[in-house]
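Notes to accompany the following structure.
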Amino acid sequence: MATSMIHVLATFMLVAAHTAIADTNMLQDFCVADLSNGVKVNGYPCKDPTKVTPEDFYFIGLANAAATANSSMGSAVTGANVEKVPGLNTLGVSISRIDYAPGGLNPPHLHPRASEAIFVLEGRLFVGFLTTTGKLISKYVNKGDVFVFPKALLHFQQNPNKAPASVIAAFDSQLPGTQVVGPSLFGANPPIPDELLAKAFGVGAPDIQKIKGKFPPKK
């Protein structure tokens, strides 16, 4: 009898656990972000559903190539995340367009909250990412190709050709976040001490100061 009760209790606990897990899913059709509310707890608070409009789910910004002429790297990212498309709030997806001038580079960076998949719209790119063991996984990709960058790993895209290129990038986060290696390390505010960076990179402090001069501190 005692054994049967244990089985019943165990079954009940498993069902309850499954139900609790299931309840983590969305309990409403959508939660359009109320961007006017400064409070953020793993997302934005929901806009009053009666005030939701089609514009909350719409964005035209990826239709045309972005200007790359003013970019020091020759690339431009146009993001369509929750800050541009409030209807993405709580949906766990977002999208971007990246345009590259001839010879342009989207420098080594990572997205702490998302994996990324790119679809090549135009051109040919050299792309790759680094594993935590330091192995480079890289490939040349052409128009119509797809390449995936795992979550939080350093990656890059380079246009080695004499013609422009562009991709559409999809993320499994409404706000993937981006950390670019150079500006993050050398443009930190307050700054990372020169002697720390010098030791980390095996160079002298004057070299670090020279590099920092190329990355104005973040505000």
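One is the number of the first residue shown, and numbering goes on along the chain from there.
Positions of Cβ are set from backbone N, Cα and C atoms, glycine also.
Automatic, uncurated: that is what TrEMBL annotation is.
Features of the protein shown, as given by TrEMBL:
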- ASN106, HIS111, GLU116: oxalate binding site (BINDING)
- HIS109, HIS111, GLU116, HIS155: Mn(2+) binding site (BINDING)
- CYS31-CYS46: disulfide bond (DISULFID)
- 60-209: domain 'Cupin type-1' (DOMAIN)
- 1-22: signal peptide (SIGNAL)
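One way to see the shell of the Mn(2+) site is to take the Cβ centroid of HIS109, HIS111, GLU116, HIS155; the remaining same-chain residues with a Cβ within 8 Å of it are LEU110, ALA114, PHE129, PHE149, LEU153, LEU154, PRO176, THR178. By the criterion of other Cβ atoms within 10 Å of the residue's own Cβ, the least surrounded of the disulfide-bonded residues CYS31, CYS46 is CYS46.
For CYS46 (disulfide bond), the nearest neighbour among the listed binding-site residues (ASN106, HIS109, GLU116), judged by C-alpha distance, is GLU116. When the domain 'Cupin type-1' (60-209) is classified with DSSP, helix, strand and coil residues number 22 helix, 57 strand, 71 coil.
Taking the binding-site residues HIS109, HIS111 in turn, the residue surrounded by the fewest other Cβ atoms inside 10 Å of its Cβ turns out to be HIS109.
Listed in sequence order, the residues of the same chain lying 6 or more apart from ASN106 (oxalate binding site) and placing their CB within less than 8 Å of its CB are MET73, SER75, VAL77, ILE98, TYR100, PHE156, GLN157, GLN158.
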